[in-house]
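Working notes for the structure below.
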Amino acid sequence: MESIAVALQPHKDTVGLTAAIVTVIQFFGGVLAISEIRRRGSTAGFSVLPFLGGTAFCLLNVQFGQMLRDDGMIRVNFIGLVLHLIYVCAFYLYTEGPRKTAVWGQIGLAGALTVGVLSYVQYEDPKLVQFRFGVILTALLWTLVGMPLLGLGEILKKKSTAGLPFPMILLGSIVSFLWLLYGIILRSNFLVVQNLVALALCAIQLSLFIIFPAESIKPPPSPAKKSN
């Protein structure tokens, strides 16, 4: 890894800027889901959890960026925070009456957990807080990246990846790869491990698109349905 870090060192700023730009582009991926919800006029078949998770992750990363005094990290995640808040509001607006209560409950739970983590950061030992906060963010990142795999059983059953968001997974792979390179340049084992696992999770999901088609294959019509 040291030889790669040395070779990439002259390109540190370029890699970091590219990673930041692609990350912001990835944040805009939620527009696709909201557009589909708007087209259908309902959130049936969609979950608010990815948007809530993205909101919490960006907010916590803004706090982490302040701890690291990293203005670039703060700016990128502030943009992500604003976008994900818009997505959550749009999701709620298109949620039908009876399901709004459940969405409110999920919003409340996500908010409580986020406030709990932020409160913990304020009172933890300054010598330990940066590492432990980083571990929390890493766990949340892996959860968000691996969330589409929760439907793996259904994918295997139907032999179709129709329910997986290919553009988001592809963008996630690119983002993870770029931050992995940046972590190597910085010689940050934490950043390397974080994005190496995220990249592996994305690779597993992308492999499903190779194994299974985006749409399930319909069986041919039975002879009884054919006209004579």
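Cβ from N, Cα, C; glycine included.
The following features are taken from TrEMBL:
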type     : residues : note
TRANSMEM : 15-34    : transmembrane segment
TRANSMEM : 46-64    : transmembrane segment
TRANSMEM : 76-94    : transmembrane segment
TRANSMEM : 101-121  : transmembrane segment
TRANSMEM : 133-152  : transmembrane segment
TRANSMEM : 164-185  : transmembrane segment
TRANSMEM : 191-212  : transmembrane segment
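Counting C-beta pairs under 8 angstroms (sequence separation of 6 or more), the transmembrane segment (15-34) fails to reach the transmembrane segment (133-152), with fewer than 3 such pairs.
For the transmembrane segment (76-94), the neighbouring stretch richest in Cβ pairs under 8 Å, chosen from 46-64, 101-121, 133-152, is 46-64.
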